[in-house]
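A.B. asks: According to TrEMBL, the protein has these features:
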TRANSMEM  B:6-33  transmembrane segment
TRANSMEM  B:45-66  transmembrane segment
DOMAIN    B:82-132  domain 'NADH-Ubiquinone oxidoreductase (complex I) chain 5 N-terminal'
TRANSMEM  B:99-119  transmembrane segment
TRANSMEM  B:131-158  transmembrane segment
DOMAIN    B:148-436  domain 'NADH:quinone oxidoreductase/Mrp antiporter transmembrane'
TRANSMEM  B:194-215  transmembrane segment
TRANSMEM  B:227-247  transmembrane segment
TRANSMEM  B:259-279  transmembrane segment
TRANSMEM  B:291-310  transmembrane segment
TRANSMEM  B:330-350  transmembrane segment
TRANSMEM  B:427-450  transmembrane segment
TRANSMEM  B:481-502  transmembrane segment
TRANSMEM  B:622-643  transmembrane segment
């Protein structure tokens, strides 16, 4: 228990913003924007304070707080972070103010990126609603990464669907209600399976010497020391309950089809949070819960998961190449990237886990920036179609330049942040599953294809008539994209800013998960002497 | 002599300047890119200064190295730990030895000259500042590539030069052809990058690391099949970067870039990175004869392909690009020969750097005077109008065909000799191929020379109706050409006096004498006869007054037609990869909509009773949503109560 409730303060700050927006009189609704920005920036400040307070040499979980919530069922409000959760909280706290600034005009009757012409729904686009929901979503996203009570995690996991559903359904494009419902159905279905598994786990714990518990640390320890044993089949079913929920969330082939629709119909800002943060709950959940609570089942299912992850990686990339809608294109690239993250998680090596965690953050930054840049283009042109653009670099060089920089990060160019994580994931997988890793390397080529072909079609060539008169990035847009590009570059050169937090967390994953921590066995020991002896 | 053991000492004193060799152009690029339009006025000067500063530091390092004994010229500089992860550590660290030193001087030396040349060449371009930013970026990445002390950092430089190449090929982005060529170059290179990245992963799993110290010292004790695998993956990377068969197709298109770019990146330096990679990894190839054999085969095939393509092109830059492919083929062949060839591969790389950069700058100078026309059928008689260009280009020409005593004679001759010295059938095949290549080189280069500078004027008006007024280029362009011509004339001879170049590199690569089945003097004479034949045949076709060069290309033989189409490299790629790729992508897009999504929607609709019901569900969903929330909550509580009881 820390003296100061760091995490609760961080999580609660956006809620204060929601309250402030709620009491705004209707005629001053426009104030919702600066209030939301301020609240999210304060939350970012607290998130940074969390990182400062976090001792990298200390115990695995820190900044813990725990209060009884439903004592009858041993449900607590328990929050704590390890390095993995901490960097995801930092990423969330960075992305939300950026998204708020990018969404500045999304609730306007006109000028919003996806405002359908003459849509009857315009009246429903309330400024206060948009920004209050973005903040509410931030609280939930911060909470879900911090929750160490499995029941609390589940509740927040499901609760994120509510603001996300309304953000897509109220502020999105023409087919927004179809997309929002599809999003909800998929995720509810996944959530139901997880609910069953959560209950099942609770039941299992009541029958064990540990006694009924929802605390992640207690359960993990019990699994590790053998006091909580499950029958093999029970463990497999529970694993699947969690895993499928997470595989829907971090869309994995074949559960991915909700994502392109949702990302394409949502406003760019919502898409950033949806793909950049909410989907990460899936991969985070696999790493945190699946591996640690169900170690045998994780090992049992690893081949299957890797096959699906490899399919996702290649399938998503090929689909991205075939898209004509920019938002759908980014969504499919994410399917590919989530495939790689999953490969990293299930590689079960320290390189893979660190790489997967870094990848979650880097993907949030670069894909977030791509969505926002696509949004800037869409708001200028009024079309999401790639064919509607051409020669943009001539009229808006800054837009084209930042787009290229962010795109290069997405294709994992060394020097930009994604390279570090992609290479770690691949090398971590290569140690144990070289075939999966080699299949994964096809992403190196395919990513170059979808990014550079997209760049070529929209940015180069003669200036399309519809693009003439395009304005370059304005100050607000620069303030949105600048910090992301700066982070992408800095983290490409100095990834240790994040690995300082992630490394100890991965090293402290309990032994029963059987993460390979050591470097691969080197030939040096056995052959150095022999090699010298027989040297030519 | 075998190479010295790889045991670099920590850099101290003057050798800590190594990092600054890289940092100067990197800072230059950063200032020019971030500074934006504010730096337009002086950006090109800053770019030149960064390059020259880097060269000056390189020279200081070179003379400091000379002050040390041959086996004590190996330094490591740790800058910072780039990627620290448990059981995995990637350093940002540099390794200075004779091999990397040679490249530093080549890159910064030729690089500086081309920076200066570009001041004049790009004077009228609105984006000149950006051009210099990219050139600086290229220098920084290329220096990282050759100075890295581990394979992951080398890989970073490797991809970095790929990026710079992409940006510079596509520098005139408003031209669709340039944008397409740039993308093609990047993507083909990424195929090679896959190879290199797998090689690094194999090194990591085999040696527990990918630092040169790990790899070079542990490789002799490793499993031979793994070593072969690493060698082949490195070769794949080298093939893409150095435009070797079967990944050669991007280089000819890369000529879309401004000519200084073609000279620096696509002739003198970046495309030779594959040769660097192989020679740097000589420990791997030393112990894997099969990998070496494949390297020589790739080199031999490419040297022939490039030469044949070079014969058929009317575009002066593409003729030279074919020649570059072919000359790098020689280097790869030399590197594949192992200890008998490493030093000569690098020596040819350096002399080629001089004369090919000079030839490209000459071509740029000609284009500058001819309204940017690249078609040699529209040239002719230019020697009278562009004397400096004519003389410098001519000296480069004499160097590349291997006319003694010019640079190319010394280095190419050694590779041909080493190929024969390989011995056995493969020695004869490789040697004869290299010999035939020398003949064809003499033919196509003479053709270029004659069509451009001799014969009748065949000048045409450009599209806007401007007549060609060929004139000599400004000093900022001719001086770099003159300096490169000096290198083309003297470098080879200088390197060969007392085998100075071979002795310099020997501690890094090791060196062995081969046993040529033919007396070396006889072989030199045979080579010269082959060159003379090539020159003579070209003279008959293009040099005599009786048969002027036709303004329109004749139909040509099937081989000529094939060579004009780059020996069907693109046609093959299109059929094998592009068409199947497009087909696969379209199929998957359809499958994703109708298949995966269709099934899910269908199931959902089926569960709902009918699709109209499903639609109603969507419309009234808020209510249903609330209901299912309540349902879920009720279910949860019931379940918990049950357990509790």
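Placement of Cβ uses the backbone N, Cα and C atoms for every residue, glycine included.
Automatic, uncurated: that is what TrEMBL annotation is.
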A.B. asks: Rank B:99-119, B:131-158, B:291-310, B:330-350, B:481-502 by Cβ pairs under 8 Å to the transmembrane segment (B:194-215) and hand me the top one.
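C.D. replies: It is B:131-158 that shares the most Cβ pairs under 8 Å with the transmembrane segment (B:194-215).
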A.B. asks: Using a Cβ distance cut-off of under 8 Å, indicate which of B:99-119, B:259-279, B:291-310, B:330-350 has the most pairs with the transmembrane segment (B:131-158).
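C.D. replies: Result: B:99-119.
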A.B. asks: What else in the chain is close to the transmembrane segment (B:481-502), if you only count residues 6 or more beyond its ends and a Cβ gap under 8 Å?
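C.D. replies: For the transmembrane segment (B:481-502), the list is 110, 113, 117, 343-344, 346-347, 350-351, 353-355, 357-358, 361-362, 365, 388-389, 391-393, 395-396, 398-399, 405-411, 511.
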A.B. asks: Taking DSSP states H, G and I as helix and E and B as strand, how many residues of the domain 'NADH-Ubiquinone oxidoreductase (complex I) chain 5 N-terminal' (B:82-132) are helix, strand and coil?
C.D. replies: 29 helix, 13 strand, 9 coil
A.B. asks: What stretch, picked from B:6-33, B:99-119, B:291-310, B:427-450, has the most CB pairs under 8 A with the transmembrane segment (B:259-279)?
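C.D. replies: Against the transmembrane segment (B:259-279), the leading stretch is B:99-119.
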A.B. asks: So which residues does the transmembrane segment (B:99-119) touch in its own chain, when a touch means Cβ under 8 Å and the partner is 6 or more beyond its ends?
C.D. replies: 21, 44-45, 47-48, 51-52, 54-55, 58-59, 61-62, 65, 73, 128, 131-132, 135, 138-139, 142-143, 146-147, 258, 260, 263-264, 268-269, 276, 279-280, 346, 349-350, 353-354, 357, 361, 364, 476-477, 479-481, 483-484, 504-505, 508-509
